[in-house]
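Since the structure comes first, as structure tokens, the remarks are kept for the end.
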Amino acid sequence: MSKVDFLHIKGARENNLKNVELTIPKNKLVIFTGLSGSGKSSLAFNTIYEEGRRRYVDSLSSYARQFLGGTSKPDVDSIEGLSPAISIEQKTTHNNPRSTVGTVTEIYDYLRLLYARIGKPFCPKHKIKIEGKTTKLIIEGIVDFPKNSKLIILSPVVELEKGTHQKLIAKLKTEGFLRLKINNEIVSLSDDKEINLDKNKRHSIDIVVDRIVLNEEKKLEISEAISIALEYGKGIVKVENVETGEIKIFSSNHSCPKGDFEMPKIETRLFSFNSPYGMCQNCKGLGVQLRGDYNLLVPDQNLSISEGAIKIFESTVNSSNQEWQEFEALLNYYGIDKNIPMRKLSESDRQIIKYGSKEEIDYIIKSQSNKFKRTKRIEGIIDKVERKYLETSSEGIRTWIKRYMSEFICNMCKGSRLNEHALAVKINGLNIWEISSLSINDVYEQSINLNLSDYEREITTLLISELTSRLSFLVDVGLDYLTLNRMAESLSGGEAQRIRLATQIGSNLTGVLYVLDEPSIGLHQKDNERLIKTLRKMVEIGNTLIVVEHDEDTMRASDFIVDIGPKAGSHGGEIVALGSVEDIIKNPISITGKYLSGEWQNATPKSRRSGSGNVIKITGASQNNIKKLDFKIPLGKFIGVTGVSGSGKSTLINQVLVNAIEKGIARDFSHDKNKNYEKIEGLLYIDKLIKISQSPIGRTPRSNPATYSSLFDDIREIFSNVPEAKARGYQKGRFSFNVPGGRCEKCSGDGSIKIEMFFLPNVYITCDHCDGKRYNEETLQIKYRSKSISDVLDMTVSDALAFFENRLIVKNKLQTLEDVGLGYIKLGQSSTTLSGGEAQRVKLASHLLKKSTGKTLYVLDEPTTGLHSHDVSLLLKVLNRLVDKGDTVIVIEHNLDVIKNCDYLIDLGPGGGVNGGKIIATGTPEQVAQIEKSYTGEFLKRVL
């Protein structure tokens, strides 16, 4: 191989990397592995990818660079042979409620085009195919106007489009038209006055073709006008009754012969819920509406109205408040008793309380000195909060009202986001919303089995080829269970990453360096093989893949492995071993090699816990693909929830169980609309539910392991009790870098100063006043055992454990951090530099320190994300310690090392999406392994 066939990195020192030198073969599948925090991401993303991105951005103009964000040069001497780099990380970046799987993959765009080309409109009422009207039928429709009506015949040429439209207006003027109707106003073209339209606003323009008085003699004139209007309006003509304002729309394109349903021109924008042309006008294309929620307005049905059952009248009941007097008049008019519990009211009474009177009511409003008689319809509590929410200009009032509102499925489009015209168009009996509601696998099957005429096949061959190609890529990366209308913001990090991966495969780029972050996360072993084939395919077409990965199957399928370590943090950052799987196994100091060879492994427990004997039982769980499911959680055990991707694991635990227990603990069952189960039993056995994720332990660089675990409070207490500190009157707050007093004010306790570079990325330099120590000179003079507070923050957990050996409270907290494998991290290390696995273990350590009641339920969703097999062994020790204290731990997991260590498994399936949502097996890992239809059981047999 020549020099250009390799990527050469020299002197990489980003984060904990120790002057790394490395040569990687190009056009290969390269795996970066090592313990959590060893420096894998620092090398792959922060060095190689960032340098590739920086070189690309630097090639652009300074004007373009300001829109792309700053790119600082990684701390590396040189990188040679670098190709254009694309990063695909585990991040859900689409927070827009309008983004769906279909839109982010652009598959929905192809579907819109397909429906615009070969879709057939059907009348939603009569279910018959819609055909265009002839001129004769249009004239017959016009004659239905009253005799001698003054009519304007209009030809729509622009509908809700941005722009000045100057060229069109000038063209129409030269063609002899005298008037236009612009945004519902008649404008003369005969005047010399120029028509100026705002280019940033949407406009509608109709040509005034003719103005006539309707009678028998005008039929010929009407016919000629209609012909002209249809020509310019592309098959659409509007007829307006000047006196009544009534407008009839006729189409030579599409209209129901049995009714008044008219189809606009079928084009791609009709099927977009982001376009005013296609969106449901009621919910503006969101599919949901914010409306008053009766369960929030009346949270306690056992109270009467007089006792304050209705929250918005809670403080004004029986007062002189005008709104209360109006509402009381409503109650009196219908004879509703305000002194009985709300639950005892009839349904008709509740409807009146919700939506008010249908007719006008006579009532009297009393003030301190006067009485006023009024007659009007009185609104109900739901109407009231919705009106106030829309009318108020006060953000405070709007926030207060929003407490009593929830998102409900739009009652007009039923959540489809589209208007009735878009939903009327069908292919093979399905409209675009119905096809988007199918799983990707089903959409693929529908696409390749379309029943088309020769003409339709000819005009859609390339379109269907592109559509099925993109769908097949999503199937290949294990996302066949997703639906196209799934909200993008609801995707897990692994799902979002694999969607971007599928998009890149579809681009067919070659000569690219892809950097991926654990693409196997969230994938069942059953689906992992397809993912590996996809990665190999990307390599085969001429790309280099650097994949940060811990999955053994992926490592064994790779061409080259880089093992980084030997441990984590300051004890990592070096290349331990590189080469083939065999090369890694042969290396005596490679921890990865020991696990690959089987020398080290996470052993299967010799026995399973029997638990406390108590259970939580949920009956009738229904959410997403889970329908009327009954299940139980045995307490005092380590429980694993398993199943193929999309089988319903997260739905069952995060959306059903967690929701039910949180409301049960809070005794809050007011959100009946969100109640996705029929019954829950055993709540008395749980007094606390804790979800532990891999999210950062703090949002700012100021947060660190010492502050999160409250360890820093104890350390500051120790320093405040030093004799010198007492003599100076220093309190505990003096040793905080977050508040004025003891911190360095030049850098505000950051230790570094940001310098704005405008078109270049911002530069951070060490504060020259405190030399990066964060504190002022007076504070640093206070020493405990010859160390300042800054020196202590710079210690690793292991060093601090020896330093504070005689301080029991501090020692216990440090020992717990050491026990979970975090002895290498520094006490003052910024939380933003911790990996997901490290952040999770800091959280677990803080919970280990708390006294157990035996009634705590811990829930973890894929806790092994980012963890090496050695890290998994540490995680298992921590989780087992929590269970040994009498608490219950539930993990949603695919990792077999974790699954085989569980006491009890709940395996869902058999497939994903609509093919999942059922409990396939429950019991110990040994019992599940015997269930033939369990995919998890099939793989468990190999490791038990």
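Every residue, even glycine, has its Cβ placed from backbone N, Cα and C.
Copied over from Swiss-Prot, here are the features:
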- 1-242: domain 'ABC transporter 1' (DOMAIN)
- G34, L35, S36, G37, S38, G39, K40, S41: ATP 1 binding site (BINDING)
- 256-283: zinc finger (ZN_FING)
- 359-597: domain 'ABC transporter 2' (DOMAIN)
- 610-935: domain 'ABC transporter 3' (DOMAIN)
- G643, V644, S645, G646, S647, G648, K649, S650: ATP 2 binding site (BINDING)
- 744-770: zinc finger (ZN_FING)
* Quick one: Cα separation, K40 (ATP 1 binding site) versus K649 (ATP 2 binding site), in Å? -> 30
* Asked: Fewest other CB within 10 angstroms, which one of the binding-site residues S38, S41, S645, S647, S650?
  -> S650
* **Residues that sit under 8 angstroms from L35 (ATP 1 binding site) by C-beta distance, when 6+ apart in the chain** => G565, K567, A568, G572, I591, H868, H870, D871
* Asked: Hey, which bits of the same chain come close to the zinc finger (256-283), Cβ under 8 Å, at least six residues off its ends?
  -> 98, 109, 111-113, 115-116, 119, 121, 123-126, 128, 130-131, 159-160, 202, 234-236, 249-250, 289, 410-413, 416-419, 421-422, 424-425, 432
* Between G646 (ATP 2 binding site) and S36 (ATP 1 binding site), what is the CA-CA distance rounded to a whole number of Å? -> 27
* Asked: When you measure from the Cβ of G37 (ATP 1 binding site), which residues in the chain that are at least 6 apart have a Cβ under 8 Å away?
  -> N16, A568, G569, G572, Y824, I825, L834, S835, G837, E838
* **Nearest recorded site to G34 (ATP 1 binding site) by CA-CA distance, among binding-site residues S647, G648, S650** => S650
* To do: Please spell out the DSSP helix, strand and coil residue counts for the zinc finger (256-283).
  => 4 helix, 3 strand, 21 coil
* Kindly state the mean pLDDT of the domain 'ABC transporter 3' (610-935) in the predicted structure. => 89
* **Local backbone state of G34 (ATP 1 binding site), from DSSP in three classes** => strand
* To do: Show which residues of the chain containing G39 (ATP 1 binding site), separated from it by at least 6 in sequence, have their CB under 8 Å from its CB.
  => N15, N16, L17, V20, I564, G572, G573, E574
